[in-house]
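Working notes for the structure below.
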Amino acid sequence: MSIKLEISFSKSAKLNGGLAILLKTAEADSAAGAETVDPAGVIVKAARIARYSAKSMNGLDIVVPEGAPVDRIVVIGLGKAAELTAHDWLKAGGAAASRIKNTDKAAVFIDVPGLTTSPRAAADFALGMLLRAYSFDTYKTKKGDEEEKPAKSVKVTIVTADPAGAKKAFSDSEAIAGGVNLARDLVNEPPNVLGPVEFAAKAKELEKLGVEVEILTEREMRRLGMGALLGVAQGSVRPPRLAVMQWKGGKGKDRPVAFIGKGVVFDTGGISIKPAAGMEDMKGDMGGAAAVTGLMHVLASRKAAVNAVGIIGLVENMPDGNAQRPGDIVTSMSGQTIEVINTDAEGRLVLCDALWYCNDRFKPQFMINLATLTGAIIVALGNVHAGLFSNDDQLSAQLTAAGLSSNEKLWRMPLGRDYDKLIDSKFADMKNTGGRQAGSITAAHFLKRFVQDTPWAHLDIAGTAMGSPQDEINQSWGSGFGVRLLDELVRAHYES
């Protein structure tokens, strides 16, 4: 289970056992808090013996002598002070959280000599701790020997010069951690537990935070003409849902910003069935919907001054006797017809109806959709960047900047008529795949046909939402990618 960190901020710490974590830059002669924790100079001696250099996120564990005010000391290196970024403070917090074992209290000293630590940096450090403390072991019945188990709850005191400022900044950090970890939970849940109905129920729980949530049933979607989404769902005994979440934190007359997520709770590929190897990972094919749900959690928790809409299309793609076939032609809510070439190109069929519904009903300032849409984007970008496709240069630039700020990086991909014509169909208005070439681009062009003139961006997060490389702030298979990115976008550009 995740370790619960009870984080507080103070100008000083009462030391009586437990763990002390001290930060140190490469240039500083001593670490933050050394005069309080280590009057005997053990740290300096240990660092000299170990040839410790305080490189970025490099740790040094020190067993303290009897009579010391703490049981254990850990020094975390920050690297060169001049090169520190906001993300480095997150990483430092994650590195610190990874060292919290078999203790129920920890004091963290972050005001390094010669370095001004802002309240925002202190809050980022704490956010890094919360993100790293997450784990998903709900279904493990054997969790190691008792002596190896970490404490379920750890009281963490972060010692800094401006505790009031840090506490104020941290209120947003707690909201962000809650949203990211909610998204991680949703992606990590097994598919027999989290179906479309169950996912919709999770979205409904956001009402406790003040989010207005509507759940559209299959009958309601059929009445609206969502033939593309329903075509994907017809092969499963589990009924589809469309969850519509609204956070009304802005002015009443302000048009909302809108986020749409692909929520294929399990994707076999349908009749165009996937290979068996790795199919278990397709429980994460709802990573876009998870990110949108996590984002709405953040916006509501921190009372964001914005009107926001989150819409998630929830289906299961299965190959039963009633499943959609290659060659079928379906009619989308827009009235445009689609020839189904490959039933494993199903996410775009879900999204096209959700996008049209969102645009038609809410007339948003922009629409951003997130989807684990194509394997082609992983071939192009790997697990480092998500693919960004957009019809609007300003929105694209804002997203790119938010990606750099949050370290949830995006790379803009091309669009153009030469790609768009690859999805023209002989028998319908379009087909749902253009073949192997430029697969992520033709998928984006398919979605573009359903947004009209509204500023729009498509984030293909197939390489970043699940199974991405673990790092200082994420040790989870489901990363929660997109939550911090989009919160940063809203915070920087769209709050009144």
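Glycine residues also receive a Cβ, built from the backbone N, Cα and C atoms like all the rest.
Feature annotations, reproduced from Swiss-Prot:
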type: ACT_SITE; residues: LYS274; note: active site
type: ACT_SITE; residues: ARG348; note: active site
type: BINDING; residues: LYS262, ASP267, ASP285, GLU346; note: Mn(2+) 2 binding site
type: BINDING; residues: ASP267, ASP344, GLU346; note: Mn(2+) 1 binding site
Inset, instruction - May I ask which of the recorded positions LYS262, ASP267, LYS274, ASP285 is closest to ARG348 (active site) if we compare their C-alpha atoms? - result: LYS262
Legend entry - Number of other Cβ atoms within 10 Å of the Cβ of ASP344 (Mn(2+) 1 binding site) across all protein chains: 20
Legend entry - Environment of LYS262, ASP267, ASP285, GLU346, the listed Mn(2+) 2 site - residues of the same chain whose CB lies within 8 A of the CB centroid: VAL232, GLY263, VAL264, MET282, MET286, VAL315, ASN317, GLY347, VAL350, ALA371, THR372, LEU373
Inset, instruction - Round to a whole number and give the Cα-to-Cα distance in Å for the pair ASP267 (Mn(2+) 2 binding site) and ASP344 (Mn(2+) 1 binding site). - result: 8
Inset, instruction - Taking the Cβ of LYS262 (Mn(2+) 2 binding site) as the reference point, list residues of the same chain whose Cβ is under 8 angstroms away and which are at least six residues distant in sequence. - result: ASP285, MET286, GLY287, GLY288, ALA289, ILE312, GLY313, GLY347, VAL350, LEU351, ASN369, LEU370, ALA371, THR372, LEU373
Legend entry - Mn(2+) 1 site shell beyond ASP267, ASP344, GLU346, criterion: Cβ within 8 Å of Cβ centroid: VAL232, VAL264, THR268, GLY269, GLY270, SER272, LYS274, MET282, ASP285, ASN317, THR343, ALA345, GLY347
Inset, instruction - Using C-alpha atoms only, work out the spacing between ASP344 (Mn(2+) 1 binding site) and LYS274 (active site) and round it to an integer in Å. - result: 8
Inset, instruction - For GLU346 (Mn(2+) 2 binding site), write down the residues of its own chain that are at least 6 apart in sequence and whose Cβ falls under 8 Å from its Cβ; none is a fine answer. - result: VAL232, VAL264, ASP267, GLY270, VAL315, ASN317, ASN432
Inset, instruction - Could you tell me which of these active-site residues, LYS274, ARG348, has the fewest other Cβ atoms within 10 Å of its Cβ? - result: LYS274
Inset, instruction - Sort ASP285 (Mn(2+) 2 binding site) into helix, strand or coil using the DSSP assignment. - result: coil
